[in-house]
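Visitor: Before anything else, here's the structure in question.
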Amino acid sequence: MLVLGIESSCDETGVAVYDSESGLLSHALHSQIATHRVHGGVVPELASRDHVNYLVPLVDEVLTKAQIRKNQLDGIAYTAGPGLIGALLVGSCFAKSLAYALNIPALAIHHLEAHLLAAKMETPSLDFPFIALLVSGGHCQLIEVNNIGEYRLLGDTLDDAVGEAFDKTAKLMGIPYPGGAVLANLADQCLSTPYQFPRPMTDRPGLDFSFSGLKTHALNTWNQSEKKESDRSEIAKAFQQAVVETLIIKCKRAIKESQSKRLVVAGGVGANKALRSALQKWIKDIQGEVYFPALEYCTDNGAMVAYAGCLRMMRGEIDGGLGVIVKPRWPLA
């Protein structure tokens, strides 16, 4: 079964071809960082226009790489939400139109579900159930995953998502967009820090998160410093240490409460070196299992959408009708 996957929820255009028998055949990605850098953040209108410009060439590229013709496709999966409504509409309209022209099913995929299943795409032996830590620019959640479509929300952020907190803190310290990754690199390169930041919401029960106060603490520390490059690096390290330890504490609680020792990390922040290292060390200590997608599949991509679509299609779940429905806000559980 051959499925074309289309990701256009925000500022990256991702396209891929997935085969139920051979796995991922090809994928391509266009990042819009250069487009949005001058504005200091993602501009929704520009994001939509970029998707329009790059979607067709990327589809042609992945089909050529996979040596597949359009009429060989069995289905087309597209991200239907959550995300920027204009960006979602570009991908969904294209997918629905092509599916109609080819007389094949279109599959509306939840963006977060695609992230949760990305690790399973590379490790088919990964069995349900498992606990998922979903950490990205727009989300920070702990989710119990019992099967495809069977999700229970254990904890959520009350304000900023992890990636959002990284980006905003970087901006407050004068690091240009996209600053979150730069902030993490500064933290990794810094050997030690004199600062000790709070671990938010770890002194109370529950699995919810809050990072807005940590962001404010970083800003106050920066303003009270001499604002040298060494100060920026030391504050970055203290900030990252606080975020990572907070996530670890919450993961420990989730694993203990669920009595599962299988953890999956999903989303763009899952590429963070410090987080990966800390989770691997802890999970080894409890003789558990932790799964990460490859770095290229942590951030938004078409491969995870194609894979999720293939799984859904094999279960007989396809879109009905030709109406294009996208959901900018769409809870997973």
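A Cβ is built for glycine as well, from the same backbone N, Cα and C atoms used for every other residue.
In case it helps, Swiss-Prot gives these features for our protein:
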BINDING   H111, H115, D300  Fe cation binding site
BINDING   L134, V135, S136, G137, G138, D167, G180, N272  substrate binding site
Visitor: Using DSSP and three states only, what is S136 (substrate binding site)?
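Guide: Looking at the DSSP assignment, S136 (substrate binding site) belongs to neither helix nor strand, so coil.
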Visitor: Using only the Cα atoms of L134, V135, S136, G137, G138, D167, G180, N272, which the record gives as binding substrate, return the largest interatomic distance in Å, rounded to a whole number.
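Guide: Greatest Cα separation within the listed binding residues comes to 17 Å.
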Visitor: Can you tell me how far the Cα of H111 (Fe cation binding site) sits from the Cα of V135 (substrate binding site), in Å?
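Guide: One finds 13 Å between the Cα atoms of these residues.
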Visitor: Would you list, in sequence order, the residues of this chain other than H111, H115, D300 that have their CB within 8 A of the centroid of the site's CB atoms, where the site is the one recorded for Fe cation?
Guide: E7, S9, T79, L112, A114, S136, G267, N301, M304, V305
Visitor: Just jot down the residues in the same chain as G180 (substrate binding site), at least 6 apart in sequence, with C-beta under 8 A of its C-beta; none if empty.
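Guide: Spatial neighbours, sequence-distant, of G180 (substrate binding site): G137, G163, F166, D167, A170.
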Visitor: Rounded to an integer, what is the Cα-Cα distance in Å between N272 (substrate binding site) and D300 (Fe cation binding site)?
Guide: 15
Visitor: Report the same-chain neighbours of S136 (substrate binding site): residues 6+ apart in sequence with Cβ closer than 8 Å to its Cβ, ordered by sequence.
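Guide: H115, A161, V162, G163, A266, G267, G268, V269 - these are the non-local Cβ neighbours of S136 (substrate binding site), listed in sequence order.
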Visitor: Using Cβ atoms only, which residues of the same chain lie under 8 Å from V135 (substrate binding site) while being at least 6 residues apart in sequence?
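Guide: Result: A161, V162, G163, L247, V265, A266, G267, G268, V269, G270, L275.
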Visitor: Please list residues from the chain of D300 (Fe cation binding site) whose Cβ is under 8 angstroms from its Cβ, counting only those at least six apart in sequence.
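Guide: Spatial neighbours, sequence-distant, of D300 (Fe cation binding site): E7, S9, C10, E12, G14, H111, G268.
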Visitor: Including all protein chains displayed, how many Cβ atoms other than that of D167 (substrate binding site) lie within 10 Å of its Cβ?
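Guide: There are 23 of them.
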Visitor: Run through the Cβ atoms and count how many others sit within 10 Å of the one on N272 (substrate binding site).
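Guide: Around the Cβ of N272 (substrate binding site), 26 other Cβ atoms lie within 10 Å.
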Visitor: What residue among the binding-site residues G137, G138 has the most other CB atoms lying within 10 A of its CB?
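Guide: Counting Cβ neighbours within 10 Å, the top one is G137.
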Visitor: Once near-sequence residues are set aside, which residues in the chain of L134 (substrate binding site), 6 or more away, have Cβ atoms under 8 Å from its Cβ?
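Guide: Result: L112, H115, L116, C140, Q141, L142, I143, A266, G267.
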Visitor: So which one is it: of the binding-site residues H111, H115, which has the fewest other Cβ atoms within 10 Å?
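Guide: If we count Cβ atoms within 10 Å for the binding-site residues H111, H115, the smallest count is at H111.
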